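Take a look at the structure set out below.
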Amino acid sequence: MSQILEVHKLSKTYQSGEKNLTVLDQISFSLEAGKSLAIVGPSGSGKTTLLGLCAGLDRIDTGSVSIAGHALDQLSEDQKAQVRNENVGFVFQNFQLIPTLTALENVMIPLELLGDKNALQEATALLDQVGLADRKNHYPSQLSGGEQQRVALARAFSNRPKILFADEPTGNLDEETGAKIEKLLFDLNRDKGTALVLVTHDIELAHKTDHLIRLKGGKVFESDLLSQTHAQS
Amino acid sequence: MAWKDSRRSRSKLLLFTLSITIGIAALVAINSFKENLNYEINNQSKSLLGADLEVYSQQPFTEEQMSFIDSLGSTRSLQSRFSSMIYFPQTGGTRLIQVRTLEGDYPYYGEIETLPLSAATDFKTGAFALVDETLMMQYNANIGDPVKIGQLEFQIIGKLQSIPGQNSINTAVAPVVYIPHQYLVQTGLVERGSRVYYSYFFKTDQEIIEEEFDETYETRFEELALRYETVDKRKKNTSIAFNNTTVFLNMSAFIALLLGSIGVAGAVYSYLGEKRRSVAILRCLGLSGRQAFYIYFYQVLTMGLLGSLIGTTIGTGLQLFLPRLVEGLIPFSIQTRFYALVALEGVAIGMIVTVLFSLLPLLSILKISPLNSIRAEFESGGDDQKNLILKSSLFGVITLFLFSFSYLQIQELDQAAIFIGGLFVTFLILWLFSKGLIYLAKTMVSPKWSFLLRHGIANLHRPKNQTGLLIITVGMCTMLISIMYFSHHVLLDQITMAGSEERPNMVLFDIQSHQKPALETLVTDFDLPIVQDVPVVTMRLLEYNGITKKQASQDSTLEIPDWLYNREYRVTFRDSLISSETLTEGALHPYQANDSIFISIAEGFAERQEWELGDEIIFNVQGALMKTYIGSFRKIDWRRIQTNFLVLFPSGLLEEAPQFHVLVTKVKDNQQSATFQQAIVRQFPNISIIDLELVLKTIEEVLVKISFVIRFMALISVMTGLLVLINSIMLSKSQRVKDSVLLRTLGAKAKHIIAIITIEYLALGSIASLTGLITAHLLTWVLSVTLFDATYSIDYMSTVYIFIAVIIATLVMGLLNMRPVLREMPLTILRREN
Ligand SMILES: Nc1ncnc2c1ncn2[C@@H]1O[C@H](COP(=O)(O)OP(=O)(O)OP(=O)(O)O)[C@@H](O)[C@H]1O
Ligand SMILES: [Mg+2]
């Protein structure tokens, strides 16, 4: 099966003042299309950084990342944006809805950027799927955390991505709501064949995925995934 | 605590300080300059007149008059002045000048400055002349050269550099040449009907107190048909002459301060916007709303004081250069001084503005609830009643302050009311427009539009939109700055002449009736057109509706000024209108024998005197009394080069009265102009010629200077305006940046983001700029009619320039704001929690 995500010897160093802080150190792995992967690790171990790099939201220092065959480090910002628009969905730790747009408008954006003529209908259907059809004209500030996260999910799926990155999607939610969001995630993963990369502190959740990577101090501490190139060498 | 807290957002505080600084600097500079001007007028008023008292007449003094003059004092000088042509035999140049003849030691105050110094007195010893320095330069004349005035030849003994009470505009239009008085008659220029002013200048032992003097002598002067001017009168007239300049300066000061105030409110608002979260958290930790308020109040106060002090210092420094800008426009030199009171006033007003305009946004601090730390978007409902009362009373105080400030600055109640009223109306219009725009954006957007257009327009009405703020601040700044340019235009338009290449460019006057046939032949010989040939009769107003000068001056409630009776009316007669005139009321009544005489009066003049149709006016036409009635009003376009008259008589009455003629023609070029003038001067030495090309050129030079002053003021406004703009746009910077970054993570390209922002700011910029311009035109029109007493005319060029400049400035600022989106990595910005 083809690899939707390939990460090879990826390193990231942040400069804070005069000190260099190596946040990610030579990370390599790859993920097959349609599979799910959990990334776990203590706070500050570099999970968000890794996810951001995979989605092209940050500059790669050394190593490479490719999504659906596009080597991100060789693309311009605009090209990365296009790759994201066509292939990637993203759910953030803190929802990151656009506060000046209604729930519906938030969900419509990726579709509109794709030039989808039926953006309105599709977005409405998606909101319906996450149970928020009646809240579509509300602004994020008028929604609860769980509701916002569901809108974020609907938005992440709206462009029918090949891969979805979710950064602690249930981290801010109570158990029940968290379980609902989880179910949504895995349902969408199964029904639409979207690969899923999930950052979580929840070990139980982590064990529901096909694969698991444990990060510690910016290094892969444990993994059942190896990048192909790594495996061959 | 207060200082510690300011650490993160000091750039905002800097913007705030800058607004105050520039506003106060402009205010202090202008007010110091005004003080300097007043001081000099007061201080040099004696040298403006050159004496303590001037007594003058347009006829040679009679014996009776002389015995009265003798009684006034013996330290006196005699001067006569009149227009005439000068002829430089060596180069063949001719030009209209003002001839002054002098006998005695005038001036007693100030100096006639000449080169060499001794020439100022030596010229009285023989057939010598002092010739205006610039005139000598223009005509390549040197000391020792001969000049011809009338029928006499004089030798240039010195260059005339300055005369008491004359500015370089006066002398440029009609350069002065002094000759000794004893040659006056020999020049042959003094004939009956020519306009010569004879003056005696007195130096008195005791200071003349205007009121006492008036009381003692006024009737006597009247009986003798003499006129007089005291130092105080001259001072008043000089101040009046600066009226438009002063109004303009006051307006600039007012505008600078207003822009600064808007800057203050904006900067504090945006500064606090960044602080909401921190305040909310502090409040969770137990800080009371009042304490939170004081933290920021002290910060703002400190920065305000700093800004006011710096502004005052800069303003005081700036005023040193202002006199240099107006050099030549003022008939005296200006020494700059430091005025502690003005400086103090600057600091005080700076502080008042700081407090008043920062309180507006500061009050919202009281409202920040601890809940805001949990949910940033949390709005604690509408204003509660207490806050509402506080806010409305603050608005009241601000209005009161602006009104009293404008009143103090302008010293005229109605003008201050115009400023404040205009401001209020503009604010209202802008507010309505912004509401309208938001409504339009909400209802107009159609799903059929492209994604980018839809988002750009939708941004105008979405939550946290900037529509209201930007339209009001940008609109207000546009309005204020435009007013500067527009009123500049209106003022200049008063002096510049309308008309095309086809306009006539030469006026011959003082033509005696018997000279007319010969002159007309000469004109036709030169193949020149006679564009106009107008007879002029001079007369004086004796009674208006039965009120004599004496009654008018005794009863001040009549509000009829002296000069109305004193001035000489130059009147023509015809039964039709010319192209520069339009009838506004009544009709021209041709004269029928034994019927009443109906005259026509210039509209503006009549309006100012509150004259009405049917009013009775008795004129003294060179000894003969004529009872007339106002039969019509005419609007006159004074800027046309025509011979225009305040008073127009019907024909059939004045034909036989002593008169002279004015002839208007058009010469083709300088060469023809020179030869034609030489021919006239040789054949008719008493005829004066105005070469309008020359006058226009001189006026243009003056205008360049005035423009410079105005540009300087406008520049200050533009600078403050830009500050306000930066401020307002920065307000929502973090919000907009985050929105755009999120769009980017979802796949939007740079061009998408730029397009959305461009559409939004184009819409905002154009609406704000358009509204500002429209209100500016309205206000300028009001100002023109009420303050400047000028005809309003639209400045199309500036309108277009300002329209485009404001849009571009708004757009550029908006786009610059988005730089982080394109420069920084999305994750970096997303991590930044606000
Ligand atoms: N812009 C930056 N400059 C300096 N250091 C940074 C920057 N961004 C992240 N870091 C550091 O990189 C490290 C990894 O951060 P990251 O957000 O990836 O951790 P995380 O694993 O997601 O933690 P958590 O589970 O708490 O979300 C942290 O120590 C963080 O302080
Ligand atoms: Mg994280």
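Keep in mind that glycine also has a Cβ here, set from the backbone N, Cα and C atoms.
Taken straight from TrEMBL:
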DOMAIN    B:14-187  domain 'MacB-like periplasmic core'
TRANSMEM  B:247-272  transmembrane segment
DOMAIN    B:251-370  domain 'ABC3 transporter permease C-terminal'
TRANSMEM  B:293-318  transmembrane segment
TRANSMEM  B:338-368  transmembrane segment
TRANSMEM  B:388-410  transmembrane segment
TRANSMEM  B:416-434  transmembrane segment
TRANSMEM  B:469-487  transmembrane segment
TRANSMEM  B:708-732  transmembrane segment
DOMAIN    B:712-822  domain 'ABC3 transporter permease C-terminal'
TRANSMEM  B:753-776  transmembrane segment
TRANSMEM  B:796-816  transmembrane segment
Next on the checklist: With Cβ-Cβ distances below 8 Å as the criterion, list the same-chain residues six or more beyond the ends of the transmembrane segment (B:416-434) that contact it, or say none.
Outcome noted: 251, 254, 258, 399, 402-403, 406-407, 409-410, 467-468, 471-472, 475-476, 479, 767-768, 771-772, 774-775, 778-779, 782-783, 786-787
Next on the checklist: Could you check whether the transmembrane segment (B:796-816) and the transmembrane segment (B:469-487) come into contact, where contact means at least 3 Cβ pairs under 8 Å with the two residues of each pair 6 or more apart in sequence?
Outcome noted: yes
Checklist outcome for this item: Answer key: the stretch among B:293-318, B:388-410, B:469-487, B:708-732 with most Cβ pairs under 8 A to the transmembrane segment (B:338-368) is B:293-318
Item to check | Structural state census, the domain 'ABC3 transporter permease C-terminal' (B:712-822) (DSSP three-state) | outcome: 98 helix, 0 strand, 13 coil
Checklist outcome for this item: DSSP tally for the domain 'ABC3 transporter permease C-terminal' (B:251-370), helix/strand/coil in that order, comes to 97 helix, 0 strand, 23 coil
Checklist entry - Any idea what the model's mean pLDDT is for the domain 'ABC3 transporter permease C-terminal' (B:712-822)? => result 85
